[in-house]
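Please read the structure below before turning to the comments.
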Amino acid sequence: MNDDEFQTAAADAAVELLSRLYPAAAEVCAPFLRRLFAALEDGHSFIWLTDEEAETLAQAAPLTDSKGLAPLVLRGRRLFLGRFYRLERDLAGEIRRLAVPPAEIPEAARAAGLLAKWFAQAGSEGQQAAAALALLQNFILISGGPGTGKTTTVAKLLALLCQGRERLPRIALAAPTGKAAAHMARALHKALAGLSLSDGLKRHLSALEGQTVHRLLKLRPPQMQPQFDADNPLPLDILIIDEASMLDLALMLNLLRAVPDGCRVILLGDENQLPSVGAGAVLASLAQTTILDGETAGRLKTLLPQRENPFQTASNPPALSANTARLTVSHRFGEHSGLGCLARAVCAGDAETAWAQFDRFPDQLSVRTASVEQLAADFCRQQADYWQAADHADIAAAFDCQSHLAVLAARRDDAARFNLACRNHLQRHGRIPADAQWFAGQVIMIERNDYPLGLFNGDIGLILRDTDGGDGALAAYFPDGGTYRKIPLSRLPAYETAFAMTVHKSQGSEYRDVWLLPPADAEGLNRALLYTAVTRAREKFTFVGGRYAFAAACNRNETRRSGLRDMLADETERI
């Protein structure tokens, strides 16, 4: 059953259940329920109604109300499923609770001096402004593309927040996936190494490890209830969440409910990347133009006395507009980087300029058309170093080579076709037996969280020979804090072969080279997906397809409908 069929079945089941309970009202609501489920499949949390439709549904009690108690919630001309209305409403309440500014700036004069010292490099003005604003807020979103210095900014911010403290703050680093969490921790430690800190502070910050949000909350199967919640909050003073665009409504709500009052929350992400797989647009709803009121602007001046206010000011700015800082200068993609020029043009929806970059930077950008079978054959040939490492069971070398080239797809079906083509190619060339379930060099991706094993959805592993066992049997290996863990194949949770993966699954990762496969249908690509794929590459990006498909993707900006931003602004929308 594909996703569309699942949503249709879910809508039919909901209609059938409600028809048994409230036949008259269900008859009125049935077509709207089906529209809502279809919208949820595309990530929207509500649908728009005409005035006439809204008036009709207002009479469909007890299935509809405006307070969030009924299965359907009608707010003006917006119609929500009750669950998603409550998720957005409650999330807005938690954000408002946490977004109370700290009473005073910790050691303002000292902080001002360190801000000037640590952000003295050319091009770091945006990072300096973001760090200064974050000192003034208990809840902050730092948004920026790859290489703009989000982690560098946070490393210096953490050092600032720890200065002069008798008790060092309790800090947690988390991300939606294990790979993203590990990447954040490595980048943070690298940035901290360049700072002049006391030995005690350096030890404190260098001991920080990344973990998944699921592990942080100790979500317990099968109901997935968190151990930490509003009644048992996390023992933290500072919480940093990377790749926040990947968090859906339910997980973000569970997370923020578990954050104690007064804890600083620092969200990092790129609002232009793909939103979460689940419905909602949390990061996009939070990301606003930064506008400060007069009081906040005055406090910022004490931290940046030598600078003009880098942000807009207004007497009555929008709610939470002082809780976003954007980083726009990329230190990975320079002004004359092909990848940077392509990413910026795609982000702007300028298809003509974006396409021109392929001719302008042929060493970094390329376009090709080929069958999936030809692409799979080329991929297997280009991975010669990887296969050599796999044959020698060199775990570290195999993982290093595996990260050189990523094949990304818009949808799971597209990735599955490529993975099957790779298997067929390897079988034809005698690398694997026709009936082999596992083989040396197989790349796998975990599909379901396994808490006892410490494996989580999206984790990448390699199947290699176990040289320690003596018999050369196959085993699965996963990265584990600078080393590798061996998992018996019989204990693996649900997984899939992952020579190719979806763009969604690649978020939080970087690769030397990236290929983006063509989708089976023309509407499978959109701007956010294209931008996310381009920004996974460090050196080279290849688009598989023609100019029309590329331009269509660049122009297709699929903004999700969400009520969260309006709920954040409406003080009457209380939990």
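Quick reminder: no glycine exception, Cβ is built from N, Cα and C everywhere.
The feature domain 'AAA+ ATPase' is assigned by TrEMBL to 136-311.
Taking Cβ-Cβ distances under 8 Å and a sequence gap of 6 or more within the same chain, the neighbours of GLY147 (ATP binding site) are SER330, HIS331, ARG332, PHE333. Look at TrEMBL and you will find GLY144, GLY145, PRO146, GLY147, THR148, GLY149, LYS150, THR151 tagged as ATP binding site.
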Given the recorded ATP site (GLY144, GLY145, PRO146, GLY147, THR148, GLY149, LYS150, THR151), which additional residues of the same chain have their Cβ within 8 Å of the Cβ centre, ordered by sequence? ASP270, LEU327, SER330, HIS331, ARG332
Cβ neighbour count (10 Å, all chains) around LYS150 (ATP binding site) is 25
Using DSSP and three states only, what is GLY144 (ATP binding site)? strand
Cβ neighbours within the same chain of THR151 (ATP binding site) - under 8 Å, at least six residues apart: MET184, ALA187, LEU188, ALA191, ASP242, LEU268
